[in-house]
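Per TrEMBL, the features are:
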type	residues	note
ACT_SITE	A:324	active site, proton donor
DOMAIN	A:24-259	domain 'Orn/DAP/Arg decarboxylase 2 N-terminal'
MOD_RES	A:47	N6-(pyridoxal phosphate)lysine
């Protein structure tokens, strides 16, 4: 928690649940990432947190943007971004949304299928397109399965087809999974993309860009490698496989830029036991999986907690949200421990919650309104 | 899909994704349930769908209401419900929300812990309270784990304690899990609650109400038993265990009243394959798990689909939502098949989606606005 966030919580006593996010920390993270990967162009993954104060700060820093929808394209434009700085990075787009983005000046689009390529040829003629390939997601705490990307052989055929359709087949992309804690995942993916690069060159398609996606991890409950380790591993792999004719490098960080800038403050609604002798207490908060903490599904992302009783004696807990849905349980198997003195009415903070929280919140499940947001 | 919904979709061509819900069908379902369980008092579980047209129709039918939050209490009052017809059924409540409901005239509250009982004694003095006990959820497609309820021994102690605190310890409740397809689950739970009933009577606490919760199933992709089967099993078990001094019976249906009244219409955004030889197509819709279809988590609730090509040749599909999140995949392991002719731009309908859809929708994940709602 940054000192500015701590001060804000103490001085303003905002209504819970809420997110308080220090935009200066976003700037620090942007600069740290630039220093770790100086040759990469940063496209902020807007979906991580599309709040205007974040987008505006990043526009001022010269950031590019990765938009998941036409609505996100609009948010970037509203924040002052040039349309040429926006990539429409979702491989699943309605044709009329492609047309709307193209009309707004966007010229960079992702795809991973023939049907999408045909939509792009019709609705974004001549645009620069890049194909997403499937790579391994081992080591990611929020892996991405096979939903996005295609097999290398198909990518090869589609990149050739893109040129035939009058598009600029300028790049290849992959994603190693979000909150990726293994630098080796990037190295393996770069090796895979480099082979396809060479193969396409021999087929007459001069690829000029590699998009490494996002996934750079953030410290939650457990330590993760430093961003400099990822920078070194990525550049080592790029040089190893591309020599000194490096393509343009694009990265799409979301979590890394905003997560540790934000803190969710919640109120303890109830502390109870299921039986008198039950060693585990249930701690119910006024925010849960449907209030924004969607990434706790399967206990994938393990947030760290602060309480007013930290340092006092602790015991095992199950942590759950406030709704009448038992899937709205945050942590039951991850061995969380919280102070024995914790009780209803206490405020607790969940650290590094600036990413993938606000927009996930259900609009009104069980009648609860989404968390308040404070950008400072 | 009711004829009225089909006609509305054909005539109005609403923007997708949307829910169209036939409020007359809600009334039909209410009457069917009344006929199946004539001795039970129906408390509609507002969380299933809190839309004003539904609440208003149910008020007109003499329904009672089960509210999960003070906001839901307010919605019922706004719809014309008497405060005495509202149960605040969430066992996890902020003390100030209990006080607000009490001030509004609500006098019926659930609890399952000592801390909650103490809040009730302070904020709702003299109110009628009922204790939720833990029972088995086998047979439920959306089971409820241990989040709500307490062990029988604790319930016994808490019911005695409630009287000492000046509360009216008038009932016991349980929940066999949502979309419960086994009538035996109710029979086993009734046996368990009846033993506690007797036990409490011997301890001097005269319990007068049994709340059987909800869970009554709806036909999705697979057949389920008729509501009359549940009615017969439940009344058989009640008579077997309580003889002819039956307590007041409360039921809390949500899904059963509204699910099959509604249809979600979506647009196919993309149909693709991951490799040229891949037998499985990916079908991406403009609604997914974060657009409201949260109950497809773990492929628990299996919705039935209608497409413009029904009857033509089919093949295996994975069905996913439109967001850049691969957990936004609806069905990958449930052997869904859809017509080979399906393509982007087609409209598809997901049947019996009137429950647990609208309020679950994320407020703006990936920039997508929540589904539109049409009550007809």
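Each residue, glycine too, has its Cβ placed from N, Cα and C.
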Quick one: what's DSSP say for the residue listed as 'active site, proton donor', helix, strand or coil?
coil
How many other Cβ atoms are found within 10 Å of the Cβ atom of residue A:324 (active site, proton donor), counting all protein chains shown?
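Taking all protein chains shown, residue A:324 (active site, proton donor) has 26 Cβ neighbours within 10 Å.
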Quick one: average pLDDT across the domain 'Orn/DAP/Arg decarboxylase 2 N-terminal' (A:24-259), no decimals.
96
Measuring Cα to Cα, how many Å separate the residue listed as 'active site, proton donor' from the residue listed as 'N6-(pyridoxal phosphate)lysine'?
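About 28 Å separate the Cα atoms of these two residues.
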